[in-house]
């Protein structure tokens, strides 16, 4: 179940990275970035955030390639010792649990607000948790195959909607480029943390790859695809709704879909399609974080995998129910992104340096 003998291909690893990153960001990123930049240059912030994510992912991949048959939970003890390694692993587990809880709660908010109005959050959350549990019980390979089905559906629907929204796109809403200078763009970069700090999954994936030497390739391609998705989203949303229109909307991505219709087609409103694919993407992010957390508990505390999965269910449920309203949900997301920035910004570099120093000393 958690054994690295169940291998995934480089293409599957790439698709896992893409699906892991593509979650709530498409729905909320235009607003969070534009609130910081207060200009139409948010797409540049996204581009810079993507570049930083590629660099961070490459460092994590290089570190994991030093121990290609072990996950981070196993090889961290070789780098910093057993107890400190376990402590860092517990921090990682907590992060994955918090991120998974955030994705589940966002999914609940979207379903309640747009699809099943009045449905209790606990009912939606419990349903998602049990389906997620079922999805990860057989290990990473079935998860990879599920993601292979989700990804092409996402691409087709997303690009179709993007093309159809060209009818309300106004290029002047994106001008002037860098009219307020570079500083607003740099302020916007930090708000991309939650959308891009997902290359940490390589701490887990490399041990399951058939060709660990291709880990960097998977990170570069995967993050590049996600960056393209987010840039297209930023450009289309700001171009259609304007800067002022974006910052006043909670879910500007969905509001864009509501802003146009094509008479004569069987389906004249398209936000339902976007909801479908992004509920799938939120679910995809949740199950891989659930899997990563369960894997960590199993390997750190030497427990049976299935017991860890069942044991973490109430933890995720409690965390996902803690936000009392929509604002609290976004605060949780900001908190998770800040934690990720501190953990995965500097720690991989430090561990890579220590690892190389130790191996050089052994020689």
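Our numbering is plain: 1 for the first residue shown, then up by one each step along the chain.
Glycine is treated like the rest: Cβ placed from N, Cα and C.
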### Swiss-Prot annotation (transmembrane segment) - matching range among 63-83, 189-209
189-209
### Task
For the transmembrane segment (335-355), name the stretch out of 41-61, 84-104, 113-133, 273-293 with the most CB-CB pairs under 8 Å.
84-104
### Considering the transmembrane segment (8-28), which listed stretch of 41-61, 149-169, 305-325 counts the most C-beta pairs under 8 Å
149-169
### Message
Please identify the stretch among 41-61, 149-169, 218-238, 273-293, 305-325 with the greatest number of Cβ pairs below 8 Å relative to the transmembrane segment (113-133).
### Response
305-325
### Message
Using Cβ distances below 8 Å and needing 3 or more such pairs, separated by at least 6 in sequence, tell me whether the transmembrane segment (149-169) contacts the transmembrane segment (218-238).
### Response
yes
### Message
Under 8 angstroms, Cβ to Cβ: which one of 41-61, 218-238, 305-325 has the largest number of such pairs with the transmembrane segment (273-293)?
### Response
305-325
